[in-house]
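To keep things clear, I will list the structure first and then write my remarks on it.
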Amino acid sequence: GVPCLCDSDGPSVRGNTLSGTLWLAGCPSGWHNCKAHGPTIGWCCKK
């Protein structure tokens, strides 16, 4: 999957660990959405 920035990672992608994974069809079972706003396409999810 494509890494993405969770809210807990910090405000920007620069210098922060991207702990989420981008899912286009929503978060799979056992995962949760870790970003309140965006990304524009898909959902940023983590286990």
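Heads up, the Cβ atoms here are built off N, Cα and C, so glycines get one too.
Computed from a predicted structure; not experimentally measured.
Feature annotation from Swiss-Prot assigns disulfide bond to C4-C44, C6-C34, C27-C45.
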Checklist entry - CB neighbours of C4 (disulfide bond) within 10 A? => result 22
Checklist entry - Quick one: what's DSSP say for C4 (disulfide bond), helix, strand or coil? => result strand
